[in-house]
Amino acid sequence: MPSTPSPQPARLAAPSSPADAPARRVRVQHLARAKREGRRLTMLTAYDALTAPILESAGVDMLLVGDSLGNVVLGHGSTLPVTLEDMERATGAVARSTSRVLVVADMPFGTYEASPEQAFASAVRLMRAGAHAVKLEGGAPRAAAVRLLTDGGIPVVGHLGYTPQSENAIGGPRLRGRGDQAQPMLDDARALEEAGAVAVVLEMVPADVAAQVTRALSVPTIGIGAGPDTDGQVLVWADMAGMTAWTPSFVRRFGELGEDLRRAASSYVRAVSEGAFPAEENFHRH
Ligand SMILES: Nc1nc(=O)c2c([nH]1)NC[C@@H]1CN(c3ccc(C(=O)N[C@@H](CCC(=O)O)C(=O)O)cc3)CN21
Ligand SMILES: CC(C)C(=O)C(=O)O
Ligand SMILES: [Mg+2]
């Protein structure tokens, strides 16, 4: 009998210990309760069926199919070129490869701003692709769209602070809601909640303003660069895992997957050049 061991199948997506226990599905109806009970919510972005099940098995509550897909996956310089088709394809991949996590899909630039009806038609396409909720950028001017979607059975997450889709109108990435802009941000947050939003992302907001907005709402706030006093946190998964070359200063790199991958590919290159791969166990002679 040959003594070569059979290769171990990779079981990356399968939970392997209680620490990796699958997330209890957070349903949108439970978000306000999670906030009341003081349970902090975790959200990461996801864009494909390769990584989404790994993030789900780590116990994350929500996966955001972010339009950061444009920067992270498609190589664009901003989120503006991202299309509804891009988001449908990524949302489908994330939804098909997960079973418990709440999937939120970003509505891309240009697919919801013209009218509530435009927003509804676009959101329906993301829901058909497998999303459980959609997210859109902006405050009071988006309230009518949030109301129409909510009444039509589509849960909506809001997004205030730095809103990358309007960088050409409001300017680049920097703290939003400082000084006399805090009150308008509070008004926007209240308008979103009043219109039915199930949660609100706060991006690049001073911690004290984020805390104030968090206290003012009964639905959870989810911070990114907004300090510790929000009801949850979100990061771009590739930033969190150390896959991206540069990350915003609000990111902590919880791993160095980019360096790990570079090392693996470099070993492969060396093994092939030296004739060490494929080895006997990797092929059949007859
Ligand atoms: N990989 C990635 N991570 C993100 O968090 C992210 C994306 N892409 N794409 C979509 C938006 C854009 N975001 C950004 C983009 C740039 C900065 C940035 O340049 N930040 C600087 C300056 C901050 C300041 O002036 O206060 C920083 O050092 O953090 C921050 C957030 C957040 N989102
Ligand atoms: C950074 C998060 C909130 C986002 O909107 C995205 O990833 O597109
Ligand atoms: Mg986004």
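In case you wondered, yes, glycine gets a Cβ from its N, Cα and C as well.
Some features that TrEMBL has for this protein:
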ACT_SITE  GLU203  active site, proton acceptor
BINDING   ASP67, ASP106, GLU137  Mg(2+) binding site
BINDING   ASP67, SER68, ASP106, LYS135  3-methyl-2-oxobutanoate binding site
COMPBIAS  9-21  compositional bias 'Low complexity'
REGION    1-24  region 'Disordered'
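Taking the features listed in TrEMBL, we show where each one sits on the structure.
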| residue | record | contacts (Cβ under 8 Å, 6+ apart) |
| --- | --- | --- |
| ASP67 | Mg(2+) binding site | THR79, VAL82, MET87, ASP106, MET107, PRO108, PHE109, PRO164, GLN165 |
| SER68 | 3-methyl-2-oxobutanoate binding site | THR45, THR79, ASP106, PRO164, VAL236 |
| LYS135 | 3-methyl-2-oxobutanoate binding site | LEU64, VAL104, ALA105, ASP106, MET107, VAL156, VAL157, GLY158, HIS159, VAL201 |
| GLU137 | Mg(2+) binding site | HIS159, THR163, PRO164, GLN165, SER166 |
| GLU203 | active site, proton acceptor | HIS159, LEU160, GLY161, TYR162, THR163, ARG176, GLY223, ILE224, GLY225, ALA226 |
Packing count at ASP106 (Mg(2+) binding site) (other Cβ atoms within 10 Å of its Cβ): 29
Contacting recorded positions for ligand 3, chosen from ASP67, LYS135, GLU137, GLU203 when the Cβ sits under 6 angstroms of any of its atoms: ASP67
Binding-site residues near ligand 2 among ASP67, SER68, ASP106, GLU137 (Cβ under 6 Å): ASP67, SER68, ASP106
Cβ under 6 Å from ligand 1: qualifying binding-site residues of ASP67, SER68, GLU137: SER68
Assigned conformation of ASP67 (Mg(2+) binding site) - DSSP reduced to three states: coil
Collapsed DSSP category at ASP106 (Mg(2+) binding site): strand
Listed in sequence order, residues not in ASP67, SER68, ASP106, LYS135 with Cβ within 8 Å of the centre of the 3-methyl-2-oxobutanoate site Cβ atoms: THR45, LEU64, VAL65, GLY66, LEU69, THR79, VAL82, MET87, ALA105, MET107, PRO108, HIS159
